[in-house]
Amino acid sequence: MSALQAVVTLLLCGQLLAVETGSEATADSCPKAPEIANSHVEYSVRYQCDKYYKLHAGNGVYTFNNKQWINKDIGQQLPECEEDDSCPEPPKIENGYVEYLVRYQCKPYYTLRTCGDGVYTFNSKKQWINKNIGQKLPECEAVCGKPKHPVDQVQRIIGGSLDAKGSFPWQAKMVSQHNLISGATLINERWLLTTAKNLYLGHSSDKKAKDITPTLRLYVGKNQLVEVEKVVLHPDHSKVDIGLIKLRQKVPVNDKVMPICLPSKDYVKVGRVGYVSGWGRNENFNFTEHLKYVMLPVADQDKCVKHYEGVDAPKNKTAKSPVGVQPILNENTFCVGLSKYQDDTCYGDAGSAFVVHDKEDDTWYAAGILSFDKSCAVAEYGVYVKVTSILDWVRKTIANN
């Protein structure tokens, strides 16, 4: 007959004895267990957490062995009690039942994208169901066009004002081959708009997009370097000076980094004012070390065309731009004039957005992307690609890539 193995577990013995006798519990409070033939006594203790706390690891049971307290799961390591965030069983009511609900909420600077309200009910089939979208889980998307510190006054990137508050969190700096600086505009967590000319800076016109990608360095927020995965040029970029940049990873959205919203209506009206930020050259023709911005008005397109091309010029005309370079002017572009302080954009600002504030929804939208940044307060107009004219291409490109 095999020997009988006995294990005696003493649970909270000291506490129980102290209650019964009214004396203070000590290490010797527990009496020795009676011995029986062909056995040995093994002592164990169980740690228990206070109400609303639970053990972080192990089952709390420790056996005394070779003068050491050992837990089978975590050895000599002592357990820890952490806050128990599980819901206790609710009390029952007469003629009623308990329905379990959960609500999904997004982190700051994110919002629910789906039409549901984030509330899910646990049904009899053990499924979490939302009344609007069923079993489909909600998605949190980045908030756009809601800077924590928006521009709140008319200030004066030729001269311009410093963006000390972070009013333009969608502004990115692009450094291309030969350390040439230009702008780019964040439009979601992973994509940016810039100009095709910017992407070709330092490259010959026959370069492929895949060859341009590894030469780019891109910075968002407070000089946060992000890795570029690919660039996509507009199929007609000789007439539509636009390209897209895809990042290898999504950027976390916060008060320093936030996309600008794409417009659902046309904000380009003569006289409408908007803001442009950038890292381009200043009044001394040096690249600025700090992000600057300027407020500029939408200009009359016909006057802008005449300014650059000359009145009644023949079709085979040569460029008459005051700066010796002809901008792209067509149905996909619009012109912006100088500020009342004669401030302007300049070399290096291209790719930045002309943003407008919609008071109805208190949101900022990208109305245009600066294409011609060579006016530098010498010419009267800067030229921008109209964002509404490229929306379909932008959406299809993002969806397919």
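Glycine is no exception: its Cβ is also placed from the backbone N, Cα and C atoms.
When the candidates C49, C106, C115 are compared with Swiss-Prot, only one is recorded as disulfide-bonded to C81, and it is C49. Swiss-Prot assigns the feature region 'Interaction with CD163' to one of the listed ranges (145-150, 313-318), namely 313-318. In the disulfide annotation of Swiss-Prot, C140 is paired with C106 out of the candidates C30, C87, C106. Partner cysteine of C335, as given in Swiss-Prot, is C304 (from among C304, C346, disulfide bond). Candidate disulfide-bonded residues: C49, C81, C304, C335. Nearest to C140 (disulfide bond) by Cα distance: C81.
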